[in-house]
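Here TrEMBL flags 478-501 as region 'Disordered'. What TrEMBL lists as transmembrane segment is 22-40, 83-105, 112-133, 214-237, 266-284, 304-324, 331-349, 355-377, 398-421, 441-465.
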Amino acid sequence: RLQESRERLSVFSKLCYAVGGAPYQITGCALGFFLQIFLLDVAQVDAFYASIILFVGRAWDAITDPMVGFFISKSSWTCFGRLMPWIIFSTPFAVISYILIWFVPDISRGQVMWYLVFYCIFQTLVTCFHVPYSALTMFISREQSERDSATAYRMTVEVLGTVLGTAIQGQIVGKVDTPCIESPLFIGMTNSSVALEELNMTHDTGLLTDTRNAYMIAAGVIGGLYILCALILWAGVQEKRESSELQSDEPVSFFQGLKLVMNHGAYIKLIAGFLFTSLGFMLLEGNFALFCTYTLGFRNEFQNILLAIMLSATLTIPFWQWFLTRFGKKTAVYVGNTSAIPFLILVAVLDSNLIVTYIVAVAAGISVAAAFLLPWSMLPDVVDDFKLQHPSSHGHEAIFFSFYVFFTKFTSGVSLGISTLSLDFAGYQTRGCSQPSEVKFTLKLLVSAVPVGLILLGLLLFKLYPIDEEKRRKNKKALQDLRQESNSSSESDNTELASIV
């Protein structure tokens, strides 16, 4: 009891730790919901090149996760810890690159390369923040209950971060009407560079400039929040080396550790299940703004619909934390993800009705909360299970977290690139006030049928995941016994050495 009492985290520490998760979600939500429509309708990038930017950026983001995990595993401990320096030093450069993503350069050539380069730079720098922050879960306490509690705080703040990202980006940008062109002007025309140049010169140049300025203002506000959250994390959280390592541990190389991690069955099965369920929600996120604008016809309301989803998700995080504590994490996975399916089907089947859309959005936010909370709550259980099977190996926490993010990001990049490319094949008209019926049908598939299929596949794969509540309790007791044995051995060695001296 005394040992557990010493391991308990204060509410202040949990809150400061949780605030550190907000920057990744604020920027990720703004990019996820708005970057596609920004590239197509504001920066006026052709849909084909926009798909390349989105795919390459996400794919590069995925690649940087294991790279950063490798360098973190090689990092030495400092007076600030091993993970915290990565978080602090990457922050100012990440903010600069993020702001430049939303800037429209006054150049006729190289615009695609501009967005591609700064998107990749930002993804690299935000990875240098998020991978060590994710692994920090294992370094704040070695008590499962305290880590689960801190994770619940973190998920609540992260979902609140998505609300902030949606609200700041959506409300600032939503105050300005993005000019569009009526469809009859484009009958029989393609998105050729000549047509786009004529459009830029002759139609609503002033309004388009206001829209671009609004995106820059939103980027500046979000960048300021990014810096503030990083400072709170640094000031309020102490990274504890002994929280993750047993005193008898011997270091293992990165590639040996990677081989051990990838051969750990529970980890692979957890990744397989969450890979498809997360992919379904990410596909919905990436195309929802276009779906609301063109399929449902809510051009001036989509940012408020997104805000309703995120507010609902934020308010239901405590419910899911109680649910997984009461009924178990595997049960929460099934209930949380399955509850999203009827609403995803309903939003595609119903005609455009604003009130019904808001009701569906609030209900769908409940499932979004479960999708946010559960992966990060279950990964520490897999790490504990790994430690019991490999007690002499340590320092692999960053590998576990970074490769989970790697697989999720890479597949989401592929899906988002393919979805944007499919809109191009369906005949998407840049800056059109309306879109052809083929585009509307494609958007319905991308936010309804495809996510439902991915969620069902993920739930089928998740049946193979072996760590249930009974297994978690056994692992917790075994780890406590192992640590007590390690500490007792160390104390006896110190006593023997003292007697010899």
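Yeah, the Cβs are placed from backbone N, Cα and C, and that goes for glycine too.
Of the Cβ pairs linking the transmembrane segment (398-421) with the transmembrane segment (214-237) and spaced 6 or more residues apart, fewer than 3 are under 8 Å, so the two regions do not touch. With a cut-off of 8 Å on Cβ pairs spaced 6 or more residues apart, the transmembrane segment (441-465) and the transmembrane segment (331-349) reach 3 or more such pairs and are scored as touching. Of the candidate ranges 112-133, 214-237, 304-324, 331-349, 112-133 has the most C-beta pairs within less than 8 angstroms of the transmembrane segment (83-105). Counting Cβ pairs under 8 Å that are 6 or more residues apart, the transmembrane segment (355-377) and the transmembrane segment (214-237) reach fewer than 3 and are not in contact.
Residues 273, 277, 281, 284, 320, 323-324, 357, 360, 363-364, 366-371, 374, 444, 447-449, 451-452, 455-456, 458-459, 462 of the same chain lie 6+ residues outside the transmembrane segment (331-349) yet bring a C-beta within less than 8 angstroms of a C-beta in it. Counting Cβ pairs under 8 Å to the transmembrane segment (22-40), the top-ranked stretch among 112-133, 214-237, 266-284 is 214-237.
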